[in-house]
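Engineer: Quick one: the structure is below, questions incoming.
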Amino acid sequence: MIYQGENLSVDYIEPGIAHLVFNAKGSVNKLNLATLQSVGEAIDALYSQKDLQGLLLSSDKSAFIVGADITEFLGLFDIPTEELSDWLHQANAIFNRLEDIPVPTLSAITGFALGGGCECVLATDFRLADETASIGLPETQLGIMPGWGGSVRLPRLIGADPAMEVITTGKPKRAKDALALGMIDGVVSRETLITDSVTMLKKAIGGQLDWQSRRTQKKAPLKLSPLEAAMSFNVAKGMIMKMAGKHYPAPMTAVKSIENSAFMDRDAALEVENKNFVALTQTDVAKSLVGIFLNDQLVKSKAKQAIKNSEPVTSAAVLGAGIMGGGIAYQSASKGVPVLMKDIAQQSLDLGMNEASKLLNKQLERGRLSGLKMAQVLSSITPSLNYASIENKDIVVEAVVENPKIKAAVLAEVENEVNEHAILASNTSTIPISLLAKSLKRPENFCGMHFFNPVHRMPLVEVIRGEKTSQQTIDRVVAYASQMGKTPIVVNDCPGFFVNRVLFPYFAGFSLLLRDGGDYQQIDKVMEKEFGWPMGPAYLLDVVGIDTAHHAQAVMAQGFPERMAKNGRDVIDAMFESDRYGQKNGSGFYAYSIDRKGKPKKNIDESTAGIIATVTNTTQPYTSEQISARMMIPMINEVIRCLDEGIIASPAEADMALVYGLGFPPFKGGVFRYLDAIGLTTYLDMAKEFEHLGAVYQVPESIKQKAADGECYYPAPQSLSAPSA
């Protein structure tokens, strides 16, 4: 044994050929701080081996290395920048020593080689992969860029243009695509990966493969003329500005880093990468995106626990077809859970089946599934005008019209048709679950299951716990949502649950801003371009449906009259009374036409101003800051109240629900990450300026107390000193 560490070992696999195996105790290998230190120690041990002729790197897991340990990131970002820079130098010294070892080196890649794992294999001379391999540098998706030589070695290996595409998109490449780009040197079967790798190393040792010129190429400047470089980098920067925009600086920083180091050797280029990596770690964007990743892991861990605690759903039913019912049925069937789709009208069943067929056809056209698979999915959706076979279903999702009396009647009826262990779930957006449960004999088997439209695109499902809902029911519905490929978040019952409860104060802020003379087009522009929402409030209302919003607004006002009851007619009333329902009838705040792809195209409607004029008697200019504050304060206050009341369990789950359910700007990380970033005292000062506007602008006492105590919503990152490498 040459070296034995906790996460890797090194021994001779054949005379002269050392084999470094990543073998962490957990289910996957991560290039965490401890593993990186072990790599350094192992390489030191290898340098002392007099008989060493070649080095093979591999993993004993189904994945090579899934990346760095992201749980360590926020602690590392908190290190003083000079210390972080020094540590990066030490870490890169390890990979440089791997690259410089005076024998040929080869990485045998199975499964994921991502982030630091990819940077590790880039430091070797050759890379052989099996067909399961997936290789990439996803750091820009976390608001940073490669920091262990990825932005230096990859362009020198495959060229600047393809390297910039890999780095700026952050999307990993499958084995065949990585081979086409030159990221790897061959694809072999999993069974022969190690033996084929040893054979390839022997060829390099014997001089049949020129490993030294490969190494020289990776350490030299890029082979670009000044004209080629100017064209390449200018085109890349233009595309990045269009795709990533100003709110996500990492892709542009990565491109500029590659550009500025293009004519440098490896060591000088690594200095440029170091400087840019450290700068990105200090941005709120990086902390927010890393925070989203960690929050997502928390939500998934809760779902995994629910899956362990429950039996899998093998058969389901949906009551109410149409677009929503068809979308739910498609999602269930496409993930392997057959579904009965029941409705009282054949026309609705046809609409639901057409919706499922349309979604499958799109996947077929894009090559994402075969015709056989499409037929199998469609055949696992059974449309029906009666309850035949529903007694065998594990779960029934009710998705009829958003009317409490109709929903209660349908639920009571179907409860008599199902077996006593079956779960009933209501896909309602605002109606309290405990209210609907009053019509049921077994309320413990009932909960809410709020899907977002369009079902196939929106990742979030709110699982709503009623007063009498059992934990067993919650666990099984969470497990079913996970089976469907969704991200379930459990919330406690109240009107609107979590997402819609916090959305309607946002709409109230919009109505008040228009009442006070704001311009809806300017508001949309500010909330989209400056704050970062995918849609401004006027456009969002058009997409949701102004008739839908008008109805939900009344439900929310009844549930929270002290804050959400209106003091008179507002812009939503005015649009509703004018039959301006939004995209669904072609006219809302904007007018809509159908483009060549069959999608609604937004156009300015000059008549909108006249409708808005009926609920305001003034026009007044507002700054971007005033608009953002007046729009966001009502939502933020309601989010805080939901946490205080236990509607949502944690800041992490609240932020994920906002990002996945409403499209809250990921670069801000969610409401609680945003509050921590700007500071609670800063927020209180901002809110105080607008408290005269009404109850939705009154901040909860809990945030005042947190600010007074100097606290944040998220715990401070675990303090790390720069690790020795």
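Residue positions begin at 1 at the first shown residue.
Each Cβ is built from the backbone N, Cα and C atoms, and glycine gets one as well.
OK, Swiss-Prot features for this one:
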type	residues	note
ACT_SITE	His450	active site, for 3-hydroxyacyl-CoA dehydrogenase activity
BINDING	Asp296, Asn500, Tyr660	substrate binding site
BINDING	Met324, Asp343, Val400, Val401, Glu402, Lys407, Ser429, Asn453	NAD(+) binding site
REGION	1-189	region 'Enoyl-CoA hydratase/isomerase'
REGION	311-725	region '3-hydroxyacyl-CoA dehydrogenase'
SITE	Glu119	site 'Important for catalytic activity'
SITE	Glu139	site 'Important for catalytic activity'
Engineer: List the Cα distance (Å, whole number) between Asp343 (NAD(+) binding site) and the residue listed as 'active site, for 3-hydroxyacyl-CoA dehydrogenase activity'.
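Structural biologist: Cα-Cα, rounded: 19 Å.
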Engineer: Just the number: how many Å between the Cα atoms of Asp296 (substrate binding site) and Val400 (NAD(+) binding site)?
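Structural biologist: Here the two Cα atoms lie 31 Å apart.
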Engineer: In the structure shown, which of the binding-site residues Ser429, Asn453, Asn500 has the fewest Cβ neighbours within 10 Å?
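Structural biologist: Taking Ser429, Asn453, Asn500 as the binding-site residues, the minimal 10 Å Cβ count falls on Asn453.
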Engineer: Across all chains shown, how many C-beta atoms besides its own are within 10 angstroms of the C-beta of Glu139 (site 'Important for catalytic activity')?
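Structural biologist: For Glu139 (site 'Important for catalytic activity'), the 10 Å Cβ neighbour count is 28.
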Engineer: So what sits near Glu119 (site 'Important for catalytic activity') in its own chain, CB-to-CB under 8 Å and at least six residues off in sequence?
Structural biologist: Phe95, Leu137, Pro146, Trp148, Gly149, Gly150, Arg153
Engineer: What residues, ordered by sequence, lie under 8 A Cβ-to-Cβ from Lys407 (NAD(+) binding site) and sit at least six positions away in the same chain?
Structural biologist: Glu398, Val400, Val401, Ser426, Thr428, Ile431, Leu436
Engineer: Can you tell me whether DSSP puts Met324 (NAD(+) binding site) in helix, strand or coil?
Structural biologist: helix
Engineer: Work out the three-state DSSP category of Glu139 (site 'Important for catalytic activity').
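Structural biologist: It is helical.
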Engineer: So what pLDDT does the region '3-hydroxyacyl-CoA dehydrogenase' (311-725) average out to?
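Structural biologist: Summing pLDDT over the region '3-hydroxyacyl-CoA dehydrogenase' (311-725) and dividing by its length gives 95.
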Engineer: Considering all pairs of residues in Asp296, Asn500, Tyr660, annotated in the record as contacting substrate, what is the maximal C-alpha distance expressed in whole angstrom?
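Structural biologist: The span, Cα to Cα at its widest, is 21 Å.
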